[in-house]
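Report on the structure given below.
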Amino acid sequence: MRRIETMKGLFFCLGMVVFMLLGSVSPMNNEGKALMAIKASFSNVANMLLDWDDVHNHDFCSWRGVFCDNVSLNVVSLNLSNLNLGGEISSALGDLMNLQSIDLQGNKLGGQIPDEIGNCVSLAYVDFSTNLLFGDIPFSISKLKQLEFLNLKNNQLTGPIPATLTQIPNLKTLDLARNQLTGEIPRLLYWNEVLQYLGLRGNMLTGTLSPDMCQLTGLWYFDVRGNNLTGTIPESIGNCTSFEILDVSYNQITGVIPYNIGFLQVATLSLQGNKLTGRIPEVIGLMQALAVLDLSDNELTGPIPPILGNLSFTGKLYLHGNKLTGQIPPELGNMSRLSYLQLNDNELVGKIPPELGKLEQLFELNLANNNLVGLIPSNISSCAALNQFNVHGNFLSGAVPLEFRNLGSLTYLNLSSNSFKGKIPAELGHIINLDTLDLSGNNFSGSIPLTLGDLEHLLILNLSRNHLNGTLPAEFGNLRSIQIIDVSFNFLAGVIPTELGQLQNINSLILNNNKIHGKIPDQLTNCFSLANLNISFNNLSGIIPPMKNFTRFSPASFFGNPFLCGNWVGSICGPSLPKSQVFTRVAVICMVLGFITLICMIFIAVYKSKQQKPVLKGSSKQPEGSTKLVILHMDMAIHTFDDIMRVTENLDEKYIIGYGASSTVYKCTSKTSRPIAIKRIYNQYPSNFREFETELETIGSIRHRNIVSLHGYALSPFGNLLFYDYMENGSLWDLLHGPGKKVKLDWETRLKIAVGAAQGLAYLHHDCTPRIIHRDIKSSNILLDGNFEARLSDFGIAKSIPATKTYASTYVLGTIGYIDPEYARTSRLNEKSDIYSFGIVLLELLTGKKAVDNEANLHQMILSKADDNTVMEAVDAEVSVTCMDSGHIKKTFQLALLCTKRNPLERPTMQEVSRVLLSLVPSPPPKKLPSPAKVQEGEERRESHSSDTTTPQWFVQFREDISKSSL
């Protein structure tokens, strides 16, 4: 009997086990089928969802992006963000009944949001942003009573905002920005007591701003920018005391700004781009929490209230594009944290108040297109951080303050269309970071200062419509970055300098309406980027160079020069000459050619008679007129100078592989050795040979896997030549921005490049004795070998410095877009200057954009996007598609902006930077580096799912951190 009882017990236990197994297997199978149906509706899944395989891997809880409950084994979270997935969202999504979170952002999913999503009643988090979804927002979403976060921004959704969204009791974040939604904002939405974030910008919404908007007692973010809202700002706006960001800009809102707006406690108030009228309420001056006040592009009238000077925490004040009158209040000089002041395009009168010189953090001052008179106050030069100064289109007079030479951070100076007079100060040539100088439309006289040729970062130079005389400086040939030169409508004489032929980046050369004479230099045909040439109405003579790149210019470019001849001006040069002149010209040409031939033969004979021998390191013998070849590493000893010249055919142009601001780079390939890169420096004779050689020997002693080795150098009649390792994949600049880029850089490769460059720079800063500062970190100075290992280059211009000192640069001052503003202001150099530049390189790697492009500054763009919570929109598509963890991208953005903090003391060291980047490298590292074009197949990564990198609160904190530290 006892045995029977025992057997019954065993059968009961066995039955319970079977029941539990069946109970657990069944839902797994159902959810597994749902996941496979979801996969089937996607495209571009080949390399992304390899482990989603119900044949070889039944454990779907281990599939990529799938997270299950530890007890029930039900799918509770699905994260397939930023995988470049196409196709549609399957209706099988509704079969995942226990789903609590789904993130499909950053893909290319089309189609409609399936109604079946309403079956996932446990959903608390939904992010379908940045896809190609279209159609209406399904009403079934209102069934999701647990939903707290709904992000559908950056799609193509149409139709109205469903009023049923108001039935979701726990909804805290609703972001529908940048779609094509129409209709009005449902009034019931304003009665959701828990709603904290409402983003509706960039749609086609109509209606008015409801007085009920202030019923949202928990709302801190209200953004309806860029819609078609009409009506007025409700008087009850002052009751919206929970608002921190209020943006109703770029709508059709009319009327006056209500007085009650002064009761708000917002940090950002954006009303720009509407049709607001009336005066600026003085009560705004009492809004002490304001960091950004933007009332621009309206129809506001009256004076600027002096009480705005009380806004001591405001960093940005935009009042441009209105009809404001009166004078600029001196009280604005009390806004101690002001970085941006834009008062342009108004009707302001009077003088520029000297009190503005107290704004030590001022970055941009724009007073253009007003009716200002008088002088520019000299103490504007006290604004040490000033980067852009624009007073175009006023009635200012007098001379340009000589103190402007102290504005080391200034990159944009526009004094055009005023009544300035006197000579152009030579001191302007000391503002080393200028990229735009516009003095056109004034009464400047005298000659053009030769010092302007020292502005090596200058992109635009406009001196037109003045009373300048003298000649066009030959020093303009040093403006290696220049794109536009306009000196038209002056009284310039002399000839066109042949040195202008050195300007490889020039796009427009405008010299018309002067008194320039002589011939058009043939050297201008070397300016291959030249697209606009105007030399009309001068006294030029001779033949227009018959080169192909001159055929692009219209005949009008040459009109008004009666002694010019050529097909372009309808005057054929040759046939009209008398026979005697033809004979004389032929005779002269023959004699000149004969003389040149004789000189060449003598030179060749002398050159052949001298056998060049390498000089070992340390030797000081250097015969006059001979070549000195210095070997720094023995692997260079197999080369002789004659060999190098023979292989490169005396540095023929066809061996050129790159240009720099101060050098040309050639490739030398020998059958008996590996290729080397030859850098030919423009400045052939440094002032101190011994110092020059000592620096090169110091640099040549550096051996590190992330630093390009200097193997030797030569002082020769061909110039000063430096011999480096040849890097197969060129520079990072070439791969990111070059016109012929052949590979795509995935995130893993970019991270590898960043780590390598950081380790190389950390070695220079911390492991060299004396320590070494690079001074010109930029993407074009980060070279890549065949395995995309980064190596820092251009150490021919670096300097070693004592461990307790900093060094003020006298050779190279960096490159525009990468220059540390503090270095530009003080000319004092330390490691923090390199760290700033490295931060810009990180931004290039993340965004794929140039540091400076068409006057747009990458760093400023990212800071602006940080203010708007849109930083991640700047990420390069090749990064977002191949990075498995978007948190790594965000951390790298943070690191880049820490490196570029305005205060150098707040920047990390390169050792710290290197450690952070290394922490982002997958562990253990893959055995084989994937090609840059694709992610290694079969590689498995677990994706971070922490709330600190996925919630909007992270973006808010990110914005606040950056705003506090960088603005």
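Note that Cβ sites are derived from N, Cα and C of the backbone, with glycine treated the same way.
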According to Swiss-Prot, one residue in ASN469, ASN729 is annotated as N-linked glycosylation site; name it.
ASN469
Same-chain residues at least 6 beyond the ends of the repeat 'LRR 17' (457-479) with a Cβ under 8 Å from one of its Cβ atoms are 411, 416, 424, 432-451, 485-503, 510-511, 516, 815-816, 855
Sequence-remote contacts (6 or more beyond its ends) of the repeat 'LRR 10' (289-311), Cβ cut-off under 8 Å?
249, 257, 265-282, 317-335, 342-343, 348, 867, 963
Any idea which of the recorded positions ILE657, TYR763 has the thinnest Cβ neighbourhood at 10 Å?
ILE657
Counting other Cβ atoms within 10 Å of each Cβ, which of the modified residues TYR724, TYR818 scores lowest?
TYR724
THR648 (phosphothreonine) sits from ILE657 (ATP binding site) (Cα to Cα, rounded, in Å) at a distance of 12
Using Cα coordinates, what distance in whole Å links VAL665 (ATP binding site) and TYR724 (phosphotyrosine)?
10
What's the CA-CA gap between TYR763 (phosphotyrosine) and THR648 (phosphothreonine) in angstrom, rounded?
34
Please report the number of other Cβ atoms within 10 Å of the Cβ of VAL665 (ATP binding site).
19
Residue distribution over DSSP helix, strand and coil in the repeat 'LRR 10' (289-311):
5 helix, 5 strand, 13 coil
Restricting to the chain of THR648 (phosphothreonine) and a gap of 6 or more, list residues whose Cβ falls under 8 Å of its Cβ, or answer none.
TYR655, TYR666, CYS668, ILE678
